[in-house]
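Chemist: If you scroll down you'll find the structure; I have some questions about it.
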Amino acid sequence: MAQEVVEGFKFDQSHGKERVRVARVWKTKQGRHFVVEWRVGITLLSDCVNSYLRDDNSDIVATDTMKNTVYAKAKECSEILSVEDFAIVLAKHFVSFYKQVTGAIVNIVEKPWERVVVDGQPHEHGFKLGSEKHTAEAVVQKSGALQLTSGIEGLSVLKTTKSGFEGFIRDKYTALPDTRERMLATEVTALWRYSYESLYSLPQKPLYFTDKYLEVKKVLADTFFGPPNGGVYSPSVQNTLYLMAKATLNRFPDIAFVHLKMPNLHFIPVNISNKDGPIVKFDDDVYLPTDEPHGSIKASLSRLWSNSKL
């Protein structure tokens, strides 16, 4: 937020527009269509303290103007671009177009529309809704300084074996038994920050960040599951989370920071009996899926030289 001293107090302020929904379609001469749907949030850091202290709105960029700018800039983008690049386009506009704006924060969530396949062929203009969402946040200063973060929301993964949890602290409140055989399920929320610190240092390759998003998602999933034959044993969600974050930093040198949130979504063994004996005897086969309460595990991993944090 923009901070200054007013009337003997420290004063922080910002303003913006949230939940601006926009869809953009690009059409090739060959009849192939591409579509994105974005939910955009904008926060401006600006010199508009007079609007708070007195009857003077002359330095305010109206939030309705921000909304209209989203549609205008989407129209101007004649070539398909990544959600990260569109966030940068918007943020760069606000800091360069308005003298009062010193910084802009643009965050976007992309709805996962995926091209359908009909009779073994990708459809020219047909799409279905997928699952996990691609997120991006661009923080741009008037100087050209940049902080760019990408992410994934709702990456649901599960494996039916090769997971355990044992050797944890035991006391009079502990009822959970040790196990080396359980299901492991989670819904991964991931954020990673790129090392690019200036608008002028960004890669120029088209759709670079879209490709990187798909590659990061693959590294996270591959590390969680392990090899297709045999998998990999997980002694805890904590250990699996760390290995996923480390694999991401090892694979991508231009990523400086990774944050993962991985709730432990429990699958509880079902044992049912009555006075006559067992009705259902658990044999690593029948479970009660639950999503609450759930374990909450999250951690960040960054390079030693990085100052990144949430």
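If you go along the chain as it appears here, the first residue is 1 and each next one adds 1.
Every residue gets a Cβ built from N, Cα and C, even glycine.
The annotation active site, charge relay system is assigned in TrEMBL to K17, T63, H266. The 5-hydroxyisourate binding site annotation in TrEMBL covers T63, D64, F165, R182, V237, Q238, N264. Sequence annotations record features per position, and here TrEMBL assigns urate binding site to T63, D64, F165, R182, V237, Q238, N264. Per TrEMBL, the feature O2 binding site maps to T63, N264.
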Chemist: Report, in whole Å, the straight Cα-to-Cα distance of K17 (active site, charge relay system) from R182 (5-hydroxyisourate binding site).
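Modeler: Per the Cα atoms, R182 (5-hydroxyisourate binding site) and K17 (active site, charge relay system) stand 45 Å apart.
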Chemist: In this structure, which of the binding-site residues V237, N264 has the fewest other Cβ atoms within 10 Å of its Cβ?
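Modeler: Least crowded of the binding-site residues V237, N264, by Cβ count within 10 Å, is N264.
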Chemist: F165 (5-hydroxyisourate binding site): which of the active-site residues K17, T63, H266 is the nearest Cα neighbour?
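Modeler: Among K17, T63, H266, H266.
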Chemist: Within 10 Å of the Cβ of K17 (active site, charge relay system), how many other Cβ atoms are there?
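Modeler: Counting Cβ neighbours of K17 (active site, charge relay system) within 10 Å gives 20.
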Chemist: Over all shown protein chains, what is the count of other CB atoms within 10 A of the CB belonging to Q238 (5-hydroxyisourate binding site)?
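Modeler: Here the count is 16.
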Chemist: What's the CA-CA gap between N264 (5-hydroxyisourate binding site) and K17 (active site, charge relay system) in angstrom, rounded?
Modeler: 34
Chemist: Using C-alpha atoms only, work out the spacing between T63 (active site, charge relay system) and Q238 (5-hydroxyisourate binding site) and round it to an integer in Å.
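Modeler: On Cα coordinates alone, these residues lie 42 Å apart.
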Chemist: How big is the 5-hydroxyisourate site in terms of the longest C-alpha to C-alpha distance among T63, D64, F165, R182, V237, Q238, N264, in angstrom?
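Modeler: Between the most distant Cα atoms of the 5-hydroxyisourate site, 52 Å.
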Chemist: Around the C-beta of R182 (5-hydroxyisourate binding site), how many further C-beta atoms are within 10 angstroms, looking at every protein chain?
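Modeler: So the number of other Cβ atoms within 10 Å of R182 (5-hydroxyisourate binding site) is 20.
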Chemist: Return only the integer: C-alpha distance in Å from Q238 (5-hydroxyisourate binding site) to K17 (active site, charge relay system).
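Modeler: With distance taken Cα to Cα, K17 (active site, charge relay system) is 37 Å from Q238 (5-hydroxyisourate binding site).
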Chemist: Using Cβ atoms only, which residues of the same chain lie under 8 Å from H266 (active site, charge relay system) while being at least 6 residues apart in sequence?
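Modeler: When sequence neighbours closer than 6 are ignored, H266 (active site, charge relay system) has A185, T290, H294, G295 within Cβ distance under 8 Å.
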Chemist: Suppose we draw a 10 Å sphere around the Cβ of T63 (active site, charge relay system). How many other Cβ atoms does it contain, all chains included?
Modeler: 15
Chemist: Have a look around F165 (5-hydroxyisourate binding site) and count the other CB atoms within 10 A of its CB, chains all included.
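Modeler: Around the Cβ of F165 (5-hydroxyisourate binding site), 19 other Cβ atoms lie within 10 Å.
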Chemist: List the residues of the same chain that sit at least 6 positions away from D64 (5-hydroxyisourate binding site) in sequence and have their Cβ under 8 Å from its Cβ, in sequence order, or write 'none'.
Modeler: K17
